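I have placed the structure first, in the form of structure tokens, so that the comments after it can refer back to it.
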Amino acid sequence: MLKIILPTIMLIPTVLLSPQKFLWTNATTYSLMIATLSLQWFLPTYYPLNNMTQWTGIDQISSPLLILSCWLLPLMILASQNHLQHEPLTRKRTFITTLVTIQPFIILAFSTTELMLFYISFEATLIPTLVLITRWGNQPERLSAGTYLLFYTLISSLPLLITILYLHAQTGTLHLTMLKLTHPTLTLSMANLLSGLALLMAFMVKAPLYGLHLWLPKAHVEAPIAGSMLLAALLLKLGGYGIMRITLLTGPLSNYLHYPFITMALWGALMTSSICLRQTDLKSLIAYSSVSHMGLVIAASMIQTHWSFSGAMILMISHGLTSSMLFCLANTNYERTHSRILLLTRGLQPILPLMATWWLLANLTNMALPPTTNLMAELTIMIALFNWSMPTIILTGIATLLTASYTLFMLLVTQRGTLPNHITSVQNSNTREHLLMTLHIIPMLLLILKPEIISGLPL
């Protein structure tokens, strides 16, 4: 555990002391080395937790998410090079330092075995994200986006803290391994219902459940590219991971808690998909699409069967890579045309033919074409939901149809059609961007060859 966390922390002095010529090179190669080293966590384990220190342990649920978070740090650094090239050196260093600071907190949040430490690291990821959005965002609206993010997260997570303290007062320990043995069963009393609700609510806002999702499109639209990738690929997964951990822990919660959440999640998947069809803003469209995908994850992790858990795990990993790739593509468009409005960035295929290939690949994975893990995940979740209750097939079916239609809409509008008159000269796509897209797509194509390593079930 420490052989990943300590090098990640030592990235900060590396960034601060690197000469200007080697700043990006050092940061990228070093973080890629850390990402390669983290691949050892894929080794299966027959114990409930392996790599135990006193406060961390790696499970089948947390290891894919940990590897994903290590993998995305070099990609975020790669993606941010262009929009920081005119900034002074100190600001570049501050930016990369902010990115690196989030990393240990995310690693801790995914690997901790103690609820209090989990809460602290869960909340600590908020501060660097806020700095990223409010300092390096593109428009003046970034301040209101930061306010939304801060208050949504804080208001929802204060009850979580109180409930964790209440659990500690009841059972005398907050270690996950101990809590699994004691099983704090929540009966139907009002206090227990409220505490179960408080435990889930913080993660529902983070994941975002439809109805609590208003901070997400705002934050995504205003954030710089690294902030968007971070939000879509990792911070949303914190919510899903928290739901899976807490529901496993509290035993079967009462139906009073399940039904509203599953209903809202499935209805939200349908609603946000139909909102996507009427979007004019590219980044906002991708943000809403990730709300609809995470709705499926929430619904699956609320019914708590083996199938639904493994479907939710696979969907979280594949959605992390897909949406991050889509945000990178939207950013390449934005850097060339300085606009996110779909009507002003249409018809780019004749100018950037190679980028059009990446657009096609990313959109096909987003709408779950067969040889991708997205399809496997959505099928698993749909079968689990259908087995739990027949009518859900209507909601999930319509949501899938709408997903395919808005994805194709996004592809056709950005790549086809006549070129707008104001685009006269566009710089070519460069090797850095192609490398970035390749590093997103290669894990997705490789994971379908052995999906059980990310399925979250003990092998």
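Every residue, even glycine, has its Cβ placed from backbone N, Cα and C.
Pulled from TrEMBL:
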DOMAIN    1-109  domain 'NADH:ubiquinone oxidoreductase chain 4 N-terminal'
TRANSMEM  21-43  transmembrane segment
TRANSMEM  63-81  transmembrane segment
TRANSMEM  93-110  transmembrane segment
DOMAIN    113-403  domain 'NADH:quinone oxidoreductase/Mrp antiporter transmembrane'
TRANSMEM  116-137  transmembrane segment
TRANSMEM  149-169  transmembrane segment
TRANSMEM  224-244  transmembrane segment
TRANSMEM  256-277  transmembrane segment
TRANSMEM  284-303  transmembrane segment
TRANSMEM  309-329  transmembrane segment
TRANSMEM  341-361  transmembrane segment
TRANSMEM  381-414  transmembrane segment
TRANSMEM  435-454  transmembrane segment
Per-state residue totals over the domain 'NADH:ubiquinone oxidoreductase chain 4 N-terminal' (1-109) - DSSP helix, strand, coil: 81 helix, 3 strand, 25 coil
Cβ-Cβ under 8 Å with the transmembrane segment (21-43): same-chain residues at least 6 beyond its ends: 3-4, 7-8, 11, 14-15, 51, 58, 63-64, 66-67, 70-71, 73-74, 77-78, 81, 89, 92-93, 96, 100, 453
Annotated stretches the transmembrane segment (224-244) and the transmembrane segment (93-110) touching (3 or more Cβ pairs under 8 Å): yes
Chain residues in Cβ proximity to the transmembrane segment (93-110) (below 8 Å; excluding those fewer than six residues from its ends, i.e. six or more beyond): 4-5, 8-9, 11-12, 15-16, 23, 27, 31, 56, 62, 65-66, 69-70, 73, 76-77, 80, 84, 87, 117-118, 121-122, 124-125, 128-129, 131-132, 136, 226, 230, 234-235, 238, 241
Residues of the parent chain within Cβ reach of the transmembrane segment (435-454), under 8 Å, 6 or more residues beyond its termini: 42, 44, 64, 71, 74-75, 78-79, 313-314, 317-318, 321-322, 324-325, 328-329, 358, 361-362, 365, 371-373, 376
Contact yes or no, the transmembrane segment (381-414) and the transmembrane segment (256-277), 3+ Cβ pairs under 8 Å, gap 6+: yes
Contacting positions for the transmembrane segment (341-361) when only residues 6+ beyond its ends and CB under 8 Å are counted: 279-282, 285, 325, 329, 332-334, 410-411, 413-420, 422-423, 426, 428-429, 433-434, 437, 441
Long-range neighbours of the transmembrane segment (284-303), counting only residues six or more past its ends (CB under 8 A): 204, 207-210, 213, 216-217, 220-221, 232, 236, 239-240, 243-244, 247, 258, 261-262, 265-266, 268-270, 272-273, 275-276, 309, 311-312, 315-316, 319, 323, 326-327, 330, 340, 342, 366, 378, 381, 384-385, 388, 392, 396, 399, 402-403, 406-407, 410
Cβ contacts under 8 Å made by the transmembrane segment (116-137) with residues that lie 6+ beyond its boundaries: 55, 95, 98-99, 101-102, 105-106, 108-109, 143, 145-146, 149-150, 153-154, 157, 160-161, 164, 168, 174, 202, 206, 219, 222-224, 226-227, 230-231, 235, 238, 242, 245
Same-chain residues near the transmembrane segment (63-81), Cβ under 8 Å, at least 6 residues beyond its ends: 4, 8, 24, 27-28, 31-32, 34-35, 38-39, 41-42, 95-96, 99-100, 103, 106-107, 110-111, 224-226, 229-230, 233-234, 237, 241, 313, 316-317, 320-321, 324, 328, 331, 432, 435-436, 439-440, 443, 453-454, 456
